[in-house]
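J.: Here you go, one structure.
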Amino acid sequence: MVADAVYQQYTWIVVLAALFSFFTSFGIGANDVANAFATSVGSKALTIRNAMCIAAVMEFAGALLLGASVSDTIRSSIADVKCFVDMPAVLMWGMCSVCLCTGVWLFIATYLELPVSTTHSVIGSLIGMSLVAVGSDCVVWNAPSSEFPFVKGVASIVLSWVFSPVLSGIFAAGVYLFVRTFVLRSANSTERAFIFFPILIAFTVAMCCFYIIAKGTKKVNALWGFDAEGDDLWLLCVFSIGAGIVAAALSLLLRPTIRKAIDATPEDGDEEPVKAEQLATDMPDDMAEKKGALAWLTKLLDTDTDAVVAESAKVSEMHASAEKFPKKTEVVFRYMQIMTACFDSFAHGANDVANAVGPFAACWYVYSNNGKFSKKNDVGTDMYWILAIGGLGIVVGLGLYGYKIMFAIGLKLAKVTPSRGFAIELGSMFIILLGSRFGIPLSTTHCQVGATIGVSLTEGRIASTNWSIVGRAALGWIFTMIVAGLLTACIFSMGYAGIQYDDSQQLGKGWQGN
């Protein structure tokens, strides 16, 4: 749909919102995608280059299939859009301001190595914009709902800040304790890992298929007359279980490859921690020669993860004192972790790409519909190219500036091995997908950090977790909404009066200034 002459004068807002939305998604890639891949890189299950390739595919897939649901929650369930019915241009400018200020805060937080929540950033910005534009009455602080979690608005999201890390930690710890008890600590741990390999893959694939079909393809389901949440729920369960069984059968084809990798693995033994004096020899020779822009652009790809651990005596000791298991058994879990990393990235795309493009989607809807909008703003097929903008920005942000947060979570927070990483990623992925299923925009930062802490605490030692990193993350979480809200309020107020005056003059209603 093309905007009429009245709204064509606001094309500049739409263009800026698109650019700022890409900027925000860049910040998400630099800050939040680290949560999806930090454990995989930290355990060396994936190289950084492979992680980037997986991100390029799975982030896009998650955004396109599941992102629309969370995007709707972000753009319409925090600020009451009915308060903007007489001020559509003001709403457009507000969403543009949200896109800009969210990206600015994410960039600052990444520079300071603070793993913050992009969900909190967007919500804080929306609240700051709404308070300036229409007051506190138009912020959806608490709205009852007949569906789980039985409350909507800011209240449901605040509750998720507590429950998402706790539930992720509990679920991940449960998975790891099961694996450690029945596989890792057994006398024939490698053979047991082979037995559980297809079972764990079947469970993960079945779980993801259930949520993808139930939530991500609502329009296709409606077209086919398929009620995934009603009478056809049993059929969905059967299909998901069948997909898990097929995946388990196909996983048997990997046995020769895994056997070959195991045979090539050195005999079991404790890994010696990297000493600080080894840093010079561990770093690639050509890295020291790179200067200027080239060094910055390739820093993520060239950084030695062992060298990062050796930079801190505390981190080195934490890694050295962690319980170790047979290396050959960990090889089996490396393949499991790669699979969970793919699905974890998918879940991240469903949740966080929506954070980046939700405000822009609202801006585009108002513009393309000539100021007409409602609480359920369906942008139709336009949502796919809008989500694609976010997916592209995330991949670019990860490649250019993702190393800071990736190393903080994947290497410095706790000791991560493939078996631990599998449990961490499975736990965080399950809670994130659960939130997406119910339209609750959870923080992947909370889920990933909570899952990592939960697994590390199974060591039975407080020192198994780097609490200074946890403290930094907590401070970032506390200040995120405050800083994002204040910043957005300042930027939004600069153009608010003029645009509001245009609305009242051209639409014949709204603000009647002196």
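Start at 1 and count along the chain as shown; that gives each residue its number.
Cβ from N, Cα, C; glycine included.
Positions annotated as transmembrane segment by TrEMBL: 12-30, 51-70, 90-110, 155-179, 191-213, 233-254, 383-403, 474-499.
Help me understand the surroundings of these features in the structure.
T.: Cβ atoms under 8 Å from those of the transmembrane segment (12-30) belong to residues 55, 89, 92-93, 95-96, 99-100, 102-103, 105-107, 110, 118, 122, 352-353, 355-357, 359-360, 363-364, 367, 386, 389-402, 404-405 of the same chain, restricted to positions at least 6 beyond its ends.
Listed as Cβ neighbours of the transmembrane segment (90-110) (distance under 8 Å, sequence separation of 6 or more from its ends, same chain) are residues 10, 13-14, 16-17, 20-21, 23-24, 26-28, 30-32, 75, 79, 81, 84, 116, 118, 121-122, 125-126, 128-130, 133, 355-356, 359-360, 362-363, 366-367, 373, 401, 404-405, 476, 480, 483-484, 487-488, 491-492, 495-496, 499-500, 503.
Tertiary proximity for the transmembrane segment (191-213) is limited to same-chain residues at least six positions away from its ends with a CB under 8 Å from its CB atoms, namely 65-66, 179, 182-183, 221, 228, 236-237, 239-241, 243-245, 247-249, 251-252, 255, 258, 329, 332-333, 335-336, 339-340, 343, 346, 422, 426, 429-430, 433-434, 436-437.
Tertiary proximity for the transmembrane segment (233-254) is limited to same-chain residues at least six positions away from its ends with a CB under 8 Å from its CB atoms, namely 197-199, 201-207, 209-210, 213-214, 226-227, 335.
Residues 89-90, 92-94, 97-98, 100-102, 104-105, 109, 114-117, 120-129, 131-133, 161, 443, 445-446, 513 of the same chain sit 6 or more residues outside the transmembrane segment (474-499) yet have a Cβ under 8 Å from a Cβ within it.
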